[in-house]
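Novice: The structure under discussion is supplied below as structure tokens; questions concerning it will follow.
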Amino acid sequence: MSSIDLKSKFLKVYDTLKSELINDPAFEFDDDSRQWIEKMLDYNVPGGKLNRGLSVVDSYQLLKGGELSDDEIFLSSALGWCIEWLQAYFLVLDDIMDESHTRRGQPCWFRLPKVGMIAANDGILLRNHVPRILKKHFRGKPYYVDLVDLFNEVEFQTASGQMIDLITTLVGEKDLSKYSLSIHRRIVQYKTAYYSFYLPVACALLMFGEDLDKHVEVKNVLVEMGTYFQVQDDYLDCFGAPEVIGKIGTDIEDFKCSWLVVKALELANEEQKKVLHENYGKKDPASVAKVKEVYHTLNLQAVFEDYEATSYKKLITSIENHPSKAVQAVLKSFLGKIYKRQK
């Protein structure tokens, strides 16, 4: 099946799930609440690239090694949408915490005049939709308990990663010397890699009847891939074109533990370090420009390109060491989607 067919079938599943959620018998909806949920879902869930969600279907298809039945397409898509729902929940709350302005090329949900802090409760609802979907469509499956457990564990890891990110960037305690590659890696591993990379493949493996405890090596490769993905994200936040990436980067203003600042501190001379310490994390454009100037002087674009090439080689080697050709195909498909991406 072509990727276009797959995407249109995937999007149809969203409509089905949304319809089930706004008619969930566990709550007495009226027109107002139904309309609110529908608008909130349409605004926050399907707007991204859908890579995480579609990856469940792709991965399952590669594991199966043949055409999928309508039921398999529906179930793998439903799991994919659970990840997109989880992602929407993280992003809605993340944008409030970061005081962001845009997301996916439109104003953040909480920035809409009628929404504001209602967005906090919407985030909780998005999170609660996941077990509703799992219960409705997977309760009779032998892997149901493992699925619920997987989503709970990954959510815990992601929230804990977000916590390290937030407490490392505490306002009033801006101390760049706390930042290092190892802290960056910990934040990335927990905040991004588990839910964006491991979760889609783990869902496909469970649906295929596999035991996740036997696939620790797959998890390790995917966490490495997630780290590489986040370094790309950090790079694009500063060097990407806002009209391409869909948002205006604010990592410098937000005092983020970005790969760029960690690398810059590693390579800078004393004078450049002083500029970084004095200007990183300040909102005014002049300070941001000074930080970017140091990045350019240190030629961080070339440093990143070197990192990208090395990471790619290492990942390919790890993938090709895996005994299963089907699993190799899943991992290579993932890597192919993100290698040298521009957004």
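Each Cβ is built from the backbone N, Cα and C atoms, and glycine gets one as well.
Because the structure is a prediction, the values reported are computed rather than measured.
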Novice: Lys49, Arg52, Gln87 show up in Swiss-Prot as binding isopentenyl diphosphate; which entry in Arg34, Arg104 does that record put in the same site?
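Specialist: So, going by the record in Swiss-Prot, that would be Arg104.
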Novice: What is the nearest of the binding-site residues Asp94, Asp98, Gln230, Lys247, Lys256 to Lys49 (isopentenyl diphosphate binding site), using the Cα of each?
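Specialist: Closest by Cα distance to Lys49 (isopentenyl diphosphate binding site) among the binding-site residues Asp94, Asp98, Gln230, Lys247, Lys256: Lys247.
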Novice: Can you grab the distance from Lys191 (dimethylallyl diphosphate binding site) over to Arg52 (isopentenyl diphosphate binding site)? Cα atoms, rounded to a whole Å.
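Specialist: Rounded to the nearest whole number, the Cα-Cα distance is 15 Å.
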Novice: At a 10 Å cut-off from the C-beta of Gln87 (isopentenyl diphosphate binding site), count the other C-beta atoms across all protein chains.
Specialist: 23
Novice: Using all protein chains in view, find how many other C-beta atoms are within 10 Å of the C-beta of Lys49 (isopentenyl diphosphate binding site).
Specialist: 12
Novice: Round to a whole number and give the Cα-to-Cα distance in Å for the pair Asp94 (Mg(2+) 2 binding site) and Arg104 (isopentenyl diphosphate binding site).
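Specialist: Here the two Cα atoms are 14 Å apart.
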